[in-house]
Amino acid sequence: MSQEKYIMAIDQGTTSSRAIIFNQKGEKVSSSQKEFPQIFPHAGWVEHNANQIWNSVQSVIAGAFIESSIKPSQIEAIGITNQRETTVVWDKKTGVPIYNAIVWQSRQTAPIAEQLKQDGHTKMIHEKTGLVIDAYFSATKIRWILDHVPGAQERAEKGELLFGTIDTWLVWKLTDGAVHVTDYSNAARTMLYNIKDLTWDDEILELLNIPKDMLPEVKSNSEIYGKTAAFHFYGGEVPISGMAGDQQAALFGQLAFDPGMVKNTYGTGSFIIMNTGDEMQLSSNNLLTTIGYGINGKVHYALEGSIFIAGSAIQWLRDGLKMIETSPESEQFALASTSDDEVYVVPAFTGLGAPYWDSNARGSVFGLTRGTSKEDFVKATLQSIAYQVRDVIDTMQVDSGIDIQQLRVDGGAAMNNMLMQFQADILGIDIARAKNLETTALGAAFLAGLAVGYWEDMDALKELNATGQLFKASMNESRKEKLYKGWKRAVKATQVFTQDDDAE
């Protein structure tokens, strides 16, 4: 009797690595998770030890096998999804990184980004990459490493060094250095990739003096890239056949295959991605244009808006203000509120993200009265998440010309029913919460499984992650717009306030 076969997804995140094994129904049968250390050499800098990331991945692969008694020979294929933009540069011969991985959040390369802006390259880089110039993306991180590690530029020019985002690093390690590749979605976040021509951009590479030989080959999101070296996968030589950055993997896991479909992951922040189909649409309102996924010879583009504070606002209520003891408790508090929604919390703790991009804004509260209760404050904080999502969704509709009919949601805060209902009300559209909230890992598994025929085609996937719950808008139009206008006034007032004494 033949053994049952499975797909393994490796989900390499900012604070931990996970391995999840899925069956043919898309159900999770085993998982393992391991955190790894964050490194903060200076204020605003965030780094990881790339070997510690690799060790954590090895550990969770073993953990997933041990928990389930599934053997490596039962894994049909491996899919990888990863924290995007985080940058590793390593020695081609020894495999040893020449510096820590510089993490997507790290601001140490901001002066390089500022110089590019001052030199007038904003328009050119936006038109080619779909991105705004920022330290967030990999390009400035590579330049920083080549500048700060003695001899690195010369070694890179001699072809002795390799660059990769975390997907590339993990495939290189799993194949024992045999394969140096990335995928469309990760390449699109480097600020070096021309997303229209689907090539590394020579003009930007020359501008930053980054040797092309360092860069991985760019592949589709679903094809066999190589096989695991047996000694790195507990005796199994298994195809690695799916790769995508975490937010794009979630888009795929949410089955958002058609233009106009949108997903929002409510994590620490919120990442809203809209499938715009085979047309690259540049935003005129500070959204990012990127590649959603490329499969079967066809690329699907996407618009992305990032909100800095979502789930972390609930953590602030719990840890900072001690208003609640657990995050799920926020729902009960909000439902107990008797306010008429006149309180507005603007959680601009680290500035405002899309579409404002105001790094100087700071958090504020409006509409307090003597009668305002703790419950009212918790409710207003939850509502702030939904208001920010509306800011981005409205902008997406303007940029794309597409009328959005539904928002597909996942992530921790998506479990909050009160928040999801208010989100539906303030948007005036349906909110579809996935039955399986593991959409990021599931997306990587789907991409890997399609490449090896584990699932026949994308239509077969549509049966596997049905909507768990649908929240329908029930608020009348005049109240919806009155509340949202109040939010816009609160944001405007927040941006006027400054802590700078010289601004008088």
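The count begins at 1 with the first shown residue.
Including glycine, each Cβ sits where the backbone N, Cα and C put it.
Neighbour count (other Cβ atoms within 10 Å of the Cβ, all protein chains): 14 for Gln315 (ATP binding site). Residues or ranges marked as ATP binding site by Swiss-Prot on the basis of sequence analysis: Thr14, Thr15, Ser16, Thr268, Gly311, Gln315, Gly412.
The ADP binding site annotation in Swiss-Prot covers Thr14, Arg18, Thr268, Gly311, Gly412, Asn416 and is backed by sequence analysis. Its own atom aside, the Cβ of Gly412 (ATP binding site) has 17 Cβ atoms within 10 angstroms in the protein chains shown. In three-state terms derived from DSSP, Gly412 (ATP binding site) belongs to a helical segment.
The 10 Å shell around the Cβ of Tyr136 (sn-glycerol 3-phosphate binding site) contains 22 further Cβ atoms across the protein chains shown. Mapped onto three states, the DSSP output places Tyr136 (sn-glycerol 3-phosphate binding site) in coil. For Thr14, Arg84, Glu85, Tyr136, Asp246, the entry in Swiss-Prot reads sn-glycerol 3-phosphate binding site, with the evidence type sequence analysis.
Around the Cβ of Gln247 (glycerol binding site), the same chain contributes Arg84, Thr265, Phe271, Ile273, Glu304, Thr440, each under 8 angstroms and 6 or more positions distant in sequence. Classification of Gln247 (glycerol binding site) by DSSP places it within a helix. As annotated by Swiss-Prot, glycerol binding site applies to Arg84, Glu85, Tyr136, Asp246, Gln247, with the evidence given as sequence analysis.
What Swiss-Prot records for His232 is phosphohistidine. Reduced to three states, the DSSP call for His232 (phosphohistidine) is helix. In sequence order, Gln58, Lys173, Leu174, Thr175, Asp176 are the residues near His232 (phosphohistidine), counting only same-chain partners six or more apart with C-beta under 8 A.
Comparing the Cα of Asn416 (ADP binding site) with the Cα of every entry in Glu85, Tyr136, Gly311, these being the binding-site residues, the smallest distance points to Gly311.
Comparing CA positions across the binding-site residues Glu85, Tyr136, Asp246, the one lying closest to Thr268 (ATP binding site) turns out to be Asp246. It is 15 Å from the Cα atom of Gly412 (ATP binding site) to that of Asp246 (sn-glycerol 3-phosphate binding site). Taking the binding-site residues Arg18, Arg84 in turn, the residue surrounded by the fewest other Cβ atoms inside 10 Å of its Cβ turns out to be Arg18. Here the Cα atom of Thr15 (ATP binding site) is found 15 Å from that of Glu85 (sn-glycerol 3-phosphate binding site).
Listed in sequence order, Asp11, Gly13, Thr81, Asn82, Gln83, Arg84, Thr440 are the same-chain residues at least 6 apart in sequence whose CB falls under 8 Å from the CB of Asp246 (sn-glycerol 3-phosphate binding site).
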